[in-house]
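The structure appears below as structure tokens.
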Amino acid sequence: MTAPDRAAPAVARTPEELARIRAGLGRTALVPTMGALHTGHRGLIAAARGRADAVVVSVFVNPLQFGPGEDFERYPRAFEDDLRACAEEGVDVVYAPGVEAMYPGEQIVTVDPGPLGDVLEGAFRPGHFRGVLTVVAKLFHMVRPDVAVFGQKDAQQLAAIRRMVRDLAFGVTVVGVPTVRDSDGLATSSRNVYLSGAERTSALALSRALLAGADASVTGPVGILGAAREVLDAAAAGPVPVEPDYLALVDAHTFAEVPPDHRGEAVLLVAARVGSTRLIDNVPLTL
Ligand code: PAF
């Protein structure tokens with residue numbers, strides 16, 4: 001079924017163009033993205049629409065959050081498709097600045113993510129969360145949203161943004177939206193387009209490992225990690241190996257690993273490489 005035609009969103013390319021458009025909007029929700037929009041993004045936009053008079057989607061592949069040797073150059077860029085998706089989803093404004101509009105000079109002042117920036121994703125991608133928080137802070141200043149919507153798939157990013165909003169008093173309501181999965185269980189991600197058919201089959205081990213962990217939740221942290229690890233170990237020995245960076249059960253706010261006797265809320269996280277693609281996934285659990 002095709003979505004009904006909607007009016008094309010207004011497009012702003014610079015902070016000045018955006019400010020002119022923003023002046024005419026009421027209560028506004030922002031969905032920050034790096035483009036290559038998929039069904040997960042459509043879910044974020046739907047959540048935004050229900051919470052404000054106007055929805056702004058930003059499309060900007062942020063160089064500051066990519067490390068040397070990461071996929072900044074090859075990150076998928078599909079602006080015409082993104083515009084079509086935004087029109088179908090009833091987005092009011094697409095903010096798509098160039099690098100020079102976001103970073104007109106050297107970015108000397110940046111946002112320090114604190115200890116959350118050094119563990120798990122932060123340990124494997126040094127400087128990543130500093131880059132994310134800096135661009136999100138700039139987008140908040142430019143768009144001045146009442147609400148900002150992010151996916152729970154990037155759970156550590158969401159926690160870092162919530163902490164920045166609280167510690168730096170941004171006055172923006174942050175909404176987290178549950179992960180959208182394809183019918184085979186793979187979490188939607190712009191990076192999934194990198195996967196060959198065989199790699200995609202192997203990559204399903206990530207969601208299977210999380211499911212195995214969730215099924216073992218009555219056994220506590222040791223049992224959860226053991227069940228998930230078993231799935232990952234089998235996938236590591238497969239014909240297209242899954243190479244895990246980490247598997248961890250953490251506190252949902254601090255991202256510190258929970259002790260073996262932990263009870264209550266936690267998040268089971270996995271990051272792994274399949275071929276040249278690095279994927280992350282997670283599931284919230286109650287122990
Ligand atoms: O999640 C993303 O797509 C990016 O990290 C974000 C939040 C748009 C910042 O560049």
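Heads up, residue numbers simply count up from 1 along the chain you see.
From the backbone N, Cα and C atoms, a Cβ is placed for every residue, glycine too.
Caution: TrEMBL annotation is automatic and unverified by curators.
Remember, it's a predicted structure, so these values are computed and weren't measured experimentally.
If you check TrEMBL, you get these features:
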- 34-41, 151-154, VAL180, 188-191: ATP binding site (BINDING)
- HIS41: active site, proton donor (ACT_SITE)
- GLN65, GLN157: (R)-pantoate binding site (BINDING)
- GLN65: beta-alanine binding site (BINDING)
Binding-site residues close to ligand 1 - of MET34, LEU37, GLY40, VAL180, SER190, only those whose C-beta is under 6 Å away: MET34
Other C-beta atoms that fall within 10 angstroms of the C-beta of GLN65 ((R)-pantoate binding site): 21
Neighbour tally for GLN152 (ATP binding site), based on other Cβ positions within 10 Å of its Cβ: 20
Residue pair GLN65 ((R)-pantoate binding site), VAL180 (ATP binding site) - Cα distance, angstrom, rounded: 23
Assigned element (helix, strand, coil) containing GLN157 ((R)-pantoate binding site), judged by DSSP: helix
Binding-site residues compared (GLN157, SER190) - the one with the fewest other Cβ atoms within 10 Å: SER190
GLN152, GLN157, VAL180 screened against the residue listed as 'active site, proton donor', Cα within 10 Å - retained binding-site residues: VAL180
